[in-house]
């Protein structure tokens, strides 16, 4: 079985919230795809409930695209501690952390229910499992802790 990088990461050494560049892959024509670890809560100490995480996912899908070029996808980890962000090209972890911080600020302080995309039976595979209240509260908690652009030391972005 292929080795998966995220399963070799020592989850006891990281200091969430943080942004970490996992890998940059190069395609046959030279195109680069970057994979980032957007870790919102400390592994094995906390997990975001599914309804809040689901709503954050739907909001980040648009908000990160507004702030970063080349966003392909932002998908939650099964452990519910954060997200994979996949982009075309390369962004610094500082740039990604600032985009994440700005997105979470919008979720925490500006977003209304009508701003959340994909909350109907037609547009979401689990449309009943959303909570804007939870998304806002978790976003505030993460912002209060500060988002670091380094996974193993706290270097909080402005």
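Just so you know, glycine gets a Cβ as well, placed from its N, Cα and C.
What Swiss-Prot says about this one:
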- 54, 58, 124: Fe cation binding site (BINDING)
| Taking every protein chain shown into account, which of the binding-site residues 54, 58, 124 has the largest tally of Cβ atoms within 10 Å of its Cβ? | 54
| said: Can you give me the residues near the recorded Fe cation site, meaning same chain, not 54, 58, 124 themselves, Cβ no more than 8 Å from the center of the site's Cβ atoms? | reply: 55, 57, 116, 118, 119, 126, 127, 129, 130
| How would DSSP class residue 124 (Fe cation binding site) in three states? | coil
